[in-house]
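Notes for the one structure printed next.
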Ligand code: ADP
Ligand code: ASP
Ligand code: MG
């Protein structure tokens, strides 16, 4: 039995015509003799009646809580509606579509509401349906605890459902259908000339996703990598071949003198809603401990961390600014916060050991009069923090400098 998982994002199931297109893709697989398992996201985007953000707003209007059992229950409704509607579209086209919640599909998670981890998958239900020639249509983004409480897998988590099911069912490949032609050199909403990348290794895509490229969820890439199942990112609306993601990263000697530094970057990702925190104090065991314990005890995760003798600089998610303001105030630290920042990350597994990459990034940004607030790097990435309002110009400038559209 050759199983294929096909995941369709919210915009891919937004209209009747689109749902028929989606249903047809599953039916085509069936006609080829394969066994499709469909995963769907909630219909539409923020503002649409059954979109996840709409449901969150509705729930928060009554009781504002970032993550809770009840919030997970209401968030799960979007995907339930979507799976029923799509299963009905499949039925209307003469095939046996069957809607399943995450729980009915056997996805068991821990009870970390809002960002639950999948513990195990009981395949019985899905395999029984496949054996009866049905097309299961599973709600993305959710599972349930051992005791049956609904949980969600983190925003954008329908991709994770697809990968988890792909792994459990030993699928030949996992297709992620969305509203762009594949994984591109930058977000096409920001960069008009962004180009589709035909083939990528898991690690580069994971890095892009971690650094803000929304096109696929990092957890989905990690699960596909651990089970070595190819991921295909495709456009629901076009016949473009999309991007294939697998473990066959093209090998290039990182120290080779023949790599032009135009060729070393693969893509640029960006992440908005970041704040830079500067805390000013002379190094001492007590002050360091006071700061670090306060952050840890308040569950604040920090990034872009630079410690100097007289100041400590790091970034936090914008949603934590109020909390951090209170903590630093209460502990009588001298500090300043730059709100509305954006982290631009250039990614390329061939950049290791190549001189001149940072020089080109600095040149590209300076010629656009964009101030670099902070930087960090790894073997495969260089990240620059800029003001939010500079994001689009910054991504475009780096994209041009490295000729990524060619
Ligand atoms: P879906 O609802 O199908 O899951 P998402 O909105 O989660 O869709 O992801 C698709 C979006 O990801 C695209 O519309 C695009 O704007 C954005 N995106 C960000 N970075 C990239 C990238 N490097 N390549 C392709 N799309 C990207
Ligand atoms: N509907 C969920 C969200 O908006 C899951 C997804 O789209 O993948 O986060
Ligand atoms: Mg998504």
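Numbering starts at 1 and runs along the chain as it is shown here.
Cβ atoms are placed via backbone N, Cα and C, with glycine included.
All annotation found in TrEMBL is predicted automatically rather than curated by experts.
Going by TrEMBL, these are the annotated features:
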BINDING   7, 8, 9, 10, 178, 179, 189, 214, 215  ATP binding site
BINDING   52, 79  substrate binding site
DOMAIN    3-235  domain 'Aspartate/glutamate/uridylate kinase'
DOMAIN    338-400  domain 'CASTOR ACT'
Residue 79 (substrate binding site) as reference: those binding-site residues from 7, 178, 189, 215 with C-alpha within 10 Å of it: none
Diameter of the ATP binding set by C-alpha atoms, the set being 7, 8, 9, 10, 178, 179, 189, 214, 215, in angstrom: 22
Listed binding-site residues (7, 178, 189), ranked by Cβ neighbours within 10 Å, top entry: 7
Binding-site residues close to ligand 2 - of 7, 52, 178, 189, only those whose C-beta is under 6 Å away: 52
Nearest-integer angstrom distance between the alpha carbons (Cα) of residue 9 (ATP binding site) and residue 52 (substrate binding site): 12
Residue 7 (ATP binding site): secondary structure state under DSSP, collapsed to three categories: strand
Cα-Cα distance linking residue 52 (substrate binding site) and residue 7 (ATP binding site), given in Å to the nearest integer: 17
Contacting binding-site residues, sequence order - 7, 52, 79 vs ligand 1, Cβ under 6 Å: none
For residue 215 (ATP binding site): DSSP state (helix, strand, coil): coil
Helix, strand or coil at residue 189 (ATP binding site) [DSSP, three-state]: coil
